[in-house]
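Chemist: Got a structure for you, written out below as structure tokens; questions coming shortly.
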Amino acid sequence: MSKKIIITCIAAVCIIILVGITVGDSVEKAPEPEPEPVTQDHTKVMIAVLSSRPGCEQTNSCYLPPNVTINSGQTIVWINDDRAFHTVTGGYYDVFDGTFDSGHMNPSDTFSYTFDDVGEFHYYCRLHPWMEGTVIVN
């Protein structure tokens, strides 16, 4: 009799584990928020979820969009959509150009910069140097 109870309990545990695995795999992730298109005075750039992990540079998806073209006088608003700290820093990892620097951005923080000069402005994250983007100002 006790052998049947043990076998029944083991079978029940196996079924519960299988159901848990199946349900866990079927949960869909929420879609990534799409960056807003350029408006007359500003555009938004998202600091992507999980961009603090190497690999986003291979798909050019650390900053979304990674390259933005705007007109002189327009503002870019960067939004840290990741769970990690980030920066938005003008220049290249080994050559900070001093144009702009957000400082450390907590998750959900924003940083804005108005581009008055025409040109191409490269930026990166000081904490995660593989994260790079470009603003082209006409």
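Just so it is clear, glycine is given a Cβ too, placed from its N, Cα and C backbone atoms.
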Chemist: Pick from His86, His104: which one does TrEMBL list with Cys125, His128 for the same Cu cation site?
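Modeler: For Cu cation, TrEMBL names Cys125, His128; of His86, His104, the listed one is His86.
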Chemist: Going by a 10 angstroms cut-off between Cβ atoms, which of the binding-site residues His86, His128 has the sparsest surroundings?
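Modeler: Each of the binding-site residues His86, His128 was scored; lowest Cβ tally within 10 Å is His128.
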Chemist: Using a Cβ cut-off under 8 Å and a sequence separation of 6 or more, which residues in the same chain sit near Cys125 (Cu cation binding site)?
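Modeler: Non-local contacts for Cys125 (Cu cation binding site): Ile47, Ser51, Cys62, His86, Thr87, Val88, Thr89, Met131.
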Chemist: What is the number of residues in the domain 'Blue (type 1) copper' (61-138) that are helix, strand and coil, as DSSP sees it?
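Modeler: Helix (H, G, I), strand (E, B), coil: 0 helix, 44 strand, 34 coil.
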